[in-house]
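Q: According to TrEMBL, the protein has these features:
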REPEAT    A:152-184  repeat 'WD'
REPEAT    A:200-241  repeat 'WD'
REPEAT    A:242-283  repeat 'WD'
REPEAT    A:284-325  repeat 'WD'
REPEAT    A:367-408  repeat 'WD'
REPEAT    A:424-449  repeat 'WD'
Amino acid sequence: MSEYAPQSSLSSLKRARILFDRSPADAFLATDVIVQDDVYLASMERRKRYLLGSAAGKGAEGKKSSTKKKSKTSSALVAVATVDDDDADDDANVKTRSESGALITYDSISKQDDDNEAQNENRILVKRDNTSGGIKVPTPTWHAPWKLATVLSSHLGWVRSIAFDPSNKLFATGSGDRTIKIWNFPKASVGADDALQLTLTGHISPVRGLAFSPRHPYLFSCAEDKQVKCWDLETNQVIRHYHGHLSGVFCLSLHPTLDILVTGGRDAVARVWDMRTKHQIHCLTGHDHTVACLLTKATDPQIITGSHDCTIKLWDLIAGKCQTTLTHHQKSIRAVAAPSFENTFASGAADCVKQWQAKDGKFLKNYSRHNEKIVDSMAVNDDGVLVTGGDDGSMQFWDYTSGYQFQTGQSKVQPGSLEAENGVMAACFDGTGTRLITGEADKTIKIWKEDPDASELTHPIDTKGWRKTCIAQAKQRY
Amino acid sequence: MAPALTLPPPRNAPPGTQQPAATAGKKKAPPNNTKPRSKAPSYAERCCLAREAASKNPEERRRGPKLFVPRSLQDFDDGGAYPEIHVAQYPRHMGNPHLKKTAGSGAAGAQTTSKAIVSVQVDKDGEVSYDAIVKGGTNSDKTVYSRYEDLAAKEAKEEDIALPTAEEEEATTAKTKAALDMILGKHTALDKPSGTAIINAQTSQNQEAKTQFIKYTPNPDAPGYNPAAAQRVIQMVPKQVDPMMPPKHKHIQAPRGPAEDPVPVLHAPAKKLTKEEREAWNIPSCISNWKNTRGYTIPLDKRLAADGRGLREHTINPDFATLSESLYVAERQARQEVRLRAQVQKKLALQEKERREEELRELANQARLERSGVVVAPPKGGGDESDLDDDGEDGIKVRTVRDTTNNSSSEPSNAHKIPATDDEVAAAQRERLRMARKREREKELRMEQQKKQKFEDERDVSEQIALGVHQGTGALAGEVDARLYNQSAGMDSGFGREDEYNTYSKPLFDRTAGVSGASIYRPSRDEQANADDQYAELKAGATSKFQAGKGFAGAEGGMAVSAGPRTGPVQFEKNK
């Protein structure tokens, strides 16, 4: 993941944007709104500490963090905050106007590793009712709506898995037609004819999981034929088999720092493999049903599995034992996703999408208005856009941090397909987070991008609706 | 009291001597306070005690030694209840209600505490933490979310969701790597065999090493001993194994380990499905129409469901409907046209008829006028009679004729009698001829009919029956002899005497009604018809005895040919 793209040029470009964009907001923020009381100062202190820590961490690990978070965003936040002020009066449900009238800063998860003055501006303002015990309405970040850019149809079956090359030049798709296809990403994103570079055959059942190794020229694939294969992309051959699953393998993930491969499948276990020796290190048993999705992380819990038995398990990789079982979901969990900018993860089931604290599995929030669609795929990009793809072709776009659903829609089937073949089976953002690739049940691969013409004026945030949702959620009884 | 409490009771004290002293203080001794008895009294002892107690009056009994009542564990002596002692007994304190009161304090309480009971724990606020039960056992080293707060959405603290620092990551990675390397080390050690494994491995070196040469001296006494080879050398080689042979072992799913303790379920029960939803998700069982290796009996509806026939949508070509519609329309139109045409034709016919009538009326009118003497022009149409009448001659003649007829109108027959002209004579002639011919025809017809009738009447009965003219009286098939009914007295009663001729309950023909007896008893026409033949036959000495119409000797008419046809059966007279 380290050699993603031209980071230096991007950051310099961003710097320029910051310089030009910030000034009007600056004036507004600094003079009018901020009352520098004790709470504010305390929060600033905390932020400083946090930022220092995270900056150090990022520098050392060389990971791509959310440095691409545009400065545009922060000004947008301010604008939203003011809108909040305006229509706070007519909303009878919340007493937003507090007695003291004090505004306190609500720290967003901003990871600006810029200088201090940049920090000052990057905050979200939220009015908090001190007296009513505080129903917090987090201000959603504005995101441009996404629209379909390109459709690639070459597969002969459902496209069930997508993986991106660390260099962001290639991506691979695995399908129900038992093949893995490798695509040239720049060509594919413009829909060029020669985008398809390679078709790998070898599996004898639908390919359910794919992963490129960031440290080796290897592609890993798992399929419903119980096989886990390691492909050498220099010779395009299978060089290793990881033998041991007793039934179809449904998900696959590579450990970010260790040469370890984790697979989960219909035999209700997750297996940890040593990449080189092909030995099974651990067999993580405990689920009662198919393990449908997996996450691997560098810190504990290093493995997170979601299963059809409606539980999420956090695993202690060292001991090979379950660390925590999360039973909040009512329906089987088919997708999990973790963002790169904070230590949380989201899980999607047919009942709702939930966000968790990755450190210990503490439940954080529900993503409302999910409409009980069966979630088959999830992906988060660095801007904090969470996309969930449904079994019926429905797609929802959320602001990851606040849980605001800013876009919902239905994927269109390619002409000649049945209506029932509308389903988003896999979703993946590219390395930069500007393109979304979805693998669909109508045998196509669709590439989505943000609408360049959209702005906050053309696609405003539904503040009222959002406030109502938040309040409804806060008042929900369990 | 003091020595009794401090000193142990004498080992073999007679029953009853110590008891009052021990229980004197308390009326009802709690079980833990009963003196520990090394051994419960034997059956004989208890019987003896009971007998003694039974002999005493109630007052003495109360004061006397207590009967043995098993209370403590020792009393039961590791056995069950005493069936002959009629008090509530609790061996091993099972279900002992008295024990509960003292559970916390005494030794009996300690006896009943088990590992299943968790001691009450309180949290830092002094509240009882009820989730202690789910946090123990295998969950003791895990994070278990069991509180209400774990259900509600909450803001995460910054530091909790901060990305891990590089040091943290490195530390975790190093720790994990070390742990996993250890596990892997074991695996790889197994991969690299040593000791016997190496010796037993199928390598070429090992093959050589294991090859043995054995010097062998055959037994000279054994059969087939060859003295030329008194010594033999045997080479022992390990058997070759195909290295490409698939492994003999098979992966099977390992049985599950001991179940982990459950964690609290933090979600509401799933919404109950409605009937429609359930039906919408119903997947019919997998039934093949081609294979049924186990030979299950499959209900027909399941078979049909498996066929997918129900899923197929039947579409009928709309042209069928169009066709039938247009056929219907065309038919109706045709019928309409036919009706219209018929109407038109009828109207035309009516007009024609009217026209005819009009003509006739005109003619009649004309005739009337003519008759009254008014000269009129001959009718333009010209009927047949007029054609016949005037042969291209003038109308004056006609007029004169009419005149004459008019003159003699008082006696119309006169006109016939006195034919005035040739024409009239010819006409009368023709009329006469016509009448004669008619009469002739009628006569012929009559004769024909008569003949036919006669022929029919004279037909032989057998022919008539064959032709179905006669039905007989018991016409219907399957009808039963009426005498069979009402048979209370057996066969003898209804059938009369033995010699009586009453084979049939009814006559074949009802002589009184329709069929004439004459037709039956008259000789047939054939036999009578050709007298010449008969005569010839007679001359030739024909043997035919019976002749139609010939009387019987001894019968009523005698041998003489009876006058006229017979009208009934031949009746014989008895000889006197």
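Keep in mind that glycine also has a Cβ here, set from the backbone N, Cα and C atoms.
Unlike curated records, TrEMBL annotations are generated automatically.
Mind mapping these onto the model and telling me what they sit next to?
A: Within the model, the repeat 'WD' (A:152-184) carries an average pLDDT of 95.
Residues in the repeat 'WD' (A:200-241) partition by DSSP class (helix H, G, I; strand E, B; coil) as 0 helix, 24 strand, 18 coil.
Tertiary neighbourhood of the repeat 'WD' (A:367-408): same-chain residues 64-66, 68-70, 73, 108-109, 138-143, 145-146, 331, 334-342, 346, 348-355, 422-429, 432-434, 436, 438-441, 459, 461, 466, 469, 472-473, selected by CB-CB distance under 8 Å and a gap of 6+ residues from either end.
Residues of the repeat 'WD' (A:424-449) grouped by DSSP class, helix first, strand second and coil last, total 0 helix, 18 strand, 8 coil.
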Q: Please give the sequence-distant neighbours of the repeat 'WD' (A:242-283): residues at least 6 beyond its ends with Cβ less than 8 Å from one of its Cβ atoms.
A: 1, 205, 208-211, 213-216, 218, 220-230, 289-298, 302-303, 305, 307, 309, 315, 317, 320
Q: Within the repeat 'WD' (A:367-408), count helix residues (DSSP H, G, I), strand residues (E, B) and coil residues, in that order.
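A: Grouping H, G, I as helix and E, B as strand yields 0 helix, 23 strand, 19 coil.
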Q: Report, as numbers and ranges, every residue of the chain located at least six residues beyond the repeat 'WD' (A:424-449) whose Cβ falls under 8 Å of a Cβ in that stretch; write 'none' if there are none.
A: 1, 4-5, 64, 68, 146-164, 166-168, 171, 173, 175, 183, 185, 188-189, 376-383, 385, 387-391, 393-395, 411, 413-414, 417
